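Trainee: Structure in structure tokens, see below.
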Amino acid sequence: MSTPLEQAVHEALATVIDPELRRPITELGMVESVQISDGGRVRLVVLLTIAGCPLRGTITADAQAALSAVPGVTGVDVDLKVMTQAQRDALKEQLRGSGGQRGIPFNAPGSLTRVYAVASGKGGVGKSSVTVNLACALAAQGLRVGIVDADVYGFSVPALMGITRAPTRVDDMILPPVAYGVKVISIGMFVTGNQPVAWRGPMLHRALEQFLTDVYFGDLDALFLDLPPGTGDIAISVAQLLPKAQILVVTTPQAAAADVAERAGAIATQTGQTVAGVVENMSYLEMPDGGRMELFGSGGGAVLAERLSATVGEDVPLLGQIPLEVLLREGGDAGVPLVLGRPETPAALALAGIAGKLASVPRGLKGMPLGLQPR
Ligand SMILES: Nc1ncnc2c1ncn2[C@@H]1O[C@H](COP(=O)(O)OP(=O)(O)OP(=O)(O)O)[C@@H](O)[C@H]1O
């Protein structure tokens, strides 16, 4: 029988969340022991997944704070140790599921994660900015969200999310850094400095496959893949590796941009994927007098949605139009996405509206086997 104090201490510990795995440390086998002295001093031994875990300071501080708040606790000592190989193996099995079978979890028959491959025809239309803002808007609503920055030649997601930390490796399992509640993995985290990546098709395919297999995302509601512009190797790889991924096409209102973007969306007809919708970015600039200056013309998003609907034979909606906004660019430079930093701006409201439309679709059963057996 545990005393009320012991019970309160255990309840407090269950609120300490591992920053990378996003689960209580008590569920992850990370609490080796808890001792409470007669005077109410708590001695906690935490097992880290790896030596030199970059988040040991956060875990220690969070445990200190949670335990210190328990009435009757007079002091807290946190000791850190490292898991043995057997403990690590048990943790990996717990996270990945038993059976040791490795694969892309988002393709598992029971996976309800909605996967969005964010594509554009041309570069620089705001695909990465849209990706991070949509992901953060959904995470702010309480959804579990991940981003794979698959834009191998122009990876920019870590900077847009203010992430400078490398992922943690637990043997062959990669734990993605988390920013604003979003788990992020990028090719940019595996190259040193600002070196250009000059990989060819098969290597890109392998890198993406490894991201999707080895990175532990846990159960996500939504996964965004920020694709390189165009209809290149990665788009084909995504279709092969994640056949359930829906394509989200970002374009500007310019007719020429919409033409190129149509090719990025129309790839769905060859790969059997669906197109979730079109996002028009840089739609207009709001002038001080309240007027709108259409810097890049108008109507490109609507035309593209219409044409894609005809091409893929399914209704492809125009999900929203995002105005030009200096603060969006500044937020990107500062690593604070606009929807979080300046949610009241028209561009942030447009992005939040698009996220709301994505969130309102029930967790995807589309493409899932129904599990029907012939009688
Ligand atoms: N609505 C907007 N208002 C103002 N600036 C924007 C807007 N959308 C994007 N930008 C800016 O435009 C530039 C390009 O955006 P971003 O990097 O998101 O595009 P991209 O399509 O992902 O580019 P690429 O795929 O070529 O890397 C960035 O400097 C970004 O801050």
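Each residue, glycine too, has its Cβ placed from N, Cα and C.
Source: prediction; values computed, not measured.
When I checked TrEMBL for this same protein, it listed these features:
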type: DOMAIN; residues: 6-78; note: domain 'MIP18 family-like'
type: BINDING; residues: Gly121, Lys122, Gly123, Gly124, Val125, Gly126, Lys127, Ser128; note: ATP binding site
Trainee: Determine which residues of this chain, when Gly121, Lys122, Gly123, Gly124, Val125, Gly126, Lys127, Ser128 are set aside, have a Cβ within 8 Å of the centroid of the ATP site's Cβ atoms, and list them as they appear in the sequence.
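Mentor: Result: Ser120, Pro229, Val250.
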Trainee: With the cut-off set at 10 Å between Cβ atoms, which of these binding-site residues ends up with the most neighbours? Options: Gly121, Gly124.
Mentor: Gly121
Trainee: Which of Lys122, Lys127 has the fewest nearby Cβ atoms, counting only those within 10 Å, among these binding-site residues?
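Mentor: Among the binding-site residues Lys122, Lys127, the sparsest Cβ neighbourhood within 10 Å belongs to Lys122.
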Trainee: Where ligand 1 binds, which of the binding-site residues Lys122, Gly123, Gly126, Ser128 are close by, with Cβ under 6 Å?
Mentor: Gly123, Gly126, Ser128
Trainee: Which of the listed binding-site residues (Gly123, Gly126) has the least company, meaning the fewest other Cβ atoms within 10 Å of its Cβ?
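Mentor: Looking at the binding-site residues Gly123, Gly126, the Cβ with the fewest others within 10 Å is that of Gly123.
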Trainee: Provide the three-state DSSP residue tally for the domain 'MIP18 family-like' (6-78): helix first, then strand, then coil.
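Mentor: The composition, in the requested order, is 21 helix, 20 strand, 32 coil.
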Trainee: Might you list, by sequence position, any residue in that chain lying six or more from Ser128 (ATP binding site) with a Cβ less than 8 Å away from its Cβ?
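Mentor: When sequence neighbours closer than 6 are ignored, Ser128 (ATP binding site) has Asp149, Asp151, Gly154, Ser156, Val157, Leu160, Asp226 within Cβ distance under 8 Å.
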Trainee: Does Val125 (ATP binding site) have same-chain partners at least 6 apart in sequence with Cβ under 8 Å from its own Cβ, and which are they?
Mentor: Pro229, Val250, Thr251, Thr252, Ala257, Ala261, Asn281, Met282
